[in-house]
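Engineer: Quick one: the structure is below, questions incoming.
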């Protein structure tokens with residue numbers, strides 16, 4: 001376990017408080033950081049955790065992370081809807097030559113992509129609620145908006161424009177969750193578990209995709225509107241889980257301290273760590289957060305203009321957030337998740353729904369691996385290895401599709417062997433994506449920004465994710481209809497750019513508190529040297545203790561040590 005070497009600080013109440021060196025004095029901590037109260041920062045160790053300690057942390061964070069289930073559920077059911085006969089009859093067009101209903105490329109693209117437009121707008125609109133109403137209440141509000149969108153879609157009958165309006169409102173709620181849930185997770189999570197806990201958001205997104213695939217598989221043989229209305233109706237169950245969960249989880253201690261609610265902030269830190277609010281480590285954490293809030297206040301009120309500040313390196317971090325979220329879509333993952341059923345029918349499989357379930361299963365279990373290892377490997381290594389692995393898989397996938405899938409031309413039968421090989425490399429690709437970029441992109445955005453501009457910066461970064469998801473979702477039917485599997489090479493080029501950007505511009509933040517990450521950026525450390533950077537508060541400590549404590553997985557698995 002590490003101990004801080006910072007001198008003890010005397011912290012006065014209010015934004016203009018003085019912070020000065022004082023000798024260690026043990027005093028009872030009162031509400032609001034009063035004069036002459038001192039926290040002895042030396043030799044204060046984080047609480048030891050046993051089985052119950054870990055379970056409490058993960059159980060408290062899980063309802064927050066369940067917000068990721070909402071966009072995942074939409075991806076899973078939409079991939080099935082566009083191939084359902086009753087859905088096409090209600091919202092498609094009739095082709096007299098074949099006597100069948102179909103979805104045009106434009107309508108199919110809009111059906112998939114309008115959700116993303118709603119998400120982009122929702123993230124921008126609702127992110128500010130986190131600063132005015134608190135993280136928890138803001139999440140409840142966006143979930144209610146999501147439910148309104150679901151009602152509009154379910155009540156649609158032969159009116160595709162009504163369905164699309166519902167889809168946009170549906171997206172407003174999911175987009176708000178995509179900003180607010182990772183934000184709250186990053187602010188209540190212990191430093192050594194932050195990566196894994198934020199990754200739970202992505203894990204639940206993959207869980208939503210998987211269950212979405214299963215739901216449309218189960219209703220695909222219905223011959224009425226229950227074929228698509230039942231999967232839509234199930235979303236009310238998922239939203240209730242989130243709303244009830246918000247009554248149980250702690251509020252962000254950073255938000256509470258910004259509102260001068262210091263006692264509640266200490267209670268929040270204590271609850272997530274299962275210790276007393278008077279525990280010295282809790283007091284030290286509250287002290288550090290308060291110092292960071294005071295430092296931000298000295299810079300003035302937050303504004304949109306501050307996002308472009310070069311002096312505080314916020315602009316650099318905003319560009320990183322935008323590009324990481326953009327690259328997340330340019331991996332090509334939604335090419336498979338949105339159109340997976342369609343793609344695998346094109347390679348000769350009679351039931352593309354079953355293959356989608358296989359892909360959803362690979363996606364879900366691969367993300368579980370990411371949750372377990374992301375705080376051991378680090379952000380940079382995950383992103384670099386992931387980009388390289390996806391690049392190799394996409395090259396092989398596209399090459400087989402171009403050269404081997406149709407040996408007698410596009411109008412001839414497809415090769416079953418080539419089709420099976422494409423499915424195998426799709427699974428490898430999804431493994432590489434789900435264990436690296438899928439969770440880490442959200443971690444990077446959630447932990448990069450100072451609290452003062454966090455809601456604004458995260459909303460812009462996440463909006464770029466949804467904007468690119470819209471573009472890929474809308475234009476993919478046109479592009480694949482024109483260049484077929486050559487489309488994969490476009491994503492290969494993007495993956496090369498991603499690898500280079502991460503290597504040269506993205507710093508390593510594993511083991512650092514949110515306040516220490518701000519110092520990392522401010523000191524201008526080269527990204528490829530950032531893994532060895534030590535925060536000022538830990539300089540001078542022996543090297544083996546210079547990093548924030550990391551979980552001993554053997555102890556965690558055996559539960560042989562730790563107290564609750």
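Glycine is no exception: its Cβ is also placed from the backbone N, Cα and C atoms.
Per Swiss-Prot, topological domain 'Cytoplasmic' is recorded for 1-52, 131-136, 189-194, 251-333, 375-381, 446-462, 506-564. Annotated compositional bias 'Basic and acidic residues' per Swiss-Prot: 1-12, in sequence order. Annotation source Swiss-Prot lists region 'Disordered' at 1-22. As annotated by Swiss-Prot, transmembrane segment applies to 53-73, 110-130, 137-157, 168-188, 195-215, 230-250, 334-350, 357-374, 382-402, 425-445, 463-483, 485-505. Summarising the annotation, Swiss-Prot assigns topological domain 'Extracellular' to 74-109, 158-167, 216-229, 351-356, 403-424.
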Engineer: Looking only at the recorded stretches 230-250, 357-374, 425-445, which one has the largest tally of CB-CB distances under 8 Å to the transmembrane segment (195-215)?
Structural biologist: 357-374
Engineer: Taking a Cβ cut-off under 8 Å, which residues six or more beyond the ends of the transmembrane segment (485-505) line up next to it in the same chain?
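Structural biologist: Distal contacts: 320, 323, 327, 330-332, 335, 380, 383-384, 387-388, 390-391, 394-395, 397-398, 400-402, 405, 437, 476, 479, 527-528.
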Engineer: Same chain only, please: residues at least 6 beyond the ends of the topological domain 'Extracellular' (158-167) with a C-beta under 8 Å from a C-beta of the stretch. Say none if there are none.
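Structural biologist: For the topological domain 'Extracellular' (158-167), the sequence-distant neighbours (Cβ-Cβ under 8 Å, at least 6 residues beyond its ends) are 90-91, 107, 110-111, 114-115, 118, 149-152.
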Engineer: Over the span of the topological domain 'Cytoplasmic' (375-381), count residues by DSSP class, listing helix, strand and coil in order.
Structural biologist: 6 helix, 0 strand, 1 coil
Engineer: Do the transmembrane segment (425-445) and the transmembrane segment (357-374) share at least 3 Cβ pairs under 8 Å, sequence separation 6 or more?
Structural biologist: yes
Engineer: Do we see three or more Cβ pairs under 8 Å linking the transmembrane segment (53-73) and the transmembrane segment (463-483), pairs being at least 6 apart in sequence?
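Structural biologist: These two stretches do not touch.
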Engineer: Take the transmembrane segment (110-130) and find every residue of the same chain, 6 or more past its ends, with a Cβ under 8 Å from one of its Cβ atoms.
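Structural biologist: Same-chain residues near the transmembrane segment (110-130) but 6 or more away: 71, 74, 78, 81-82, 91, 103, 137-138, 141-142, 145, 149, 163-164, 167-176, 178-180, 183-184, 255, 338-339, 455-456, 458-460, 462-467, 469-471, 473-474, 476.
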Engineer: I need to check the long-range neighbours of the topological domain 'Cytoplasmic' (375-381): which residues 6 or more away from its ends have a CB within less than 8 Å of a CB in the stretch?
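Structural biologist: Those are 192-196, 440, 443-444, 502-503, 506-511, 527, 530-531, 550-551, 553, in sequence order.
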Engineer: Given the model, what does the mean pLDDT over the topological domain 'Cytoplasmic' (1-52) come out as?
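Structural biologist: Per the prediction, mean pLDDT sits at 46 for the topological domain 'Cytoplasmic' (1-52).
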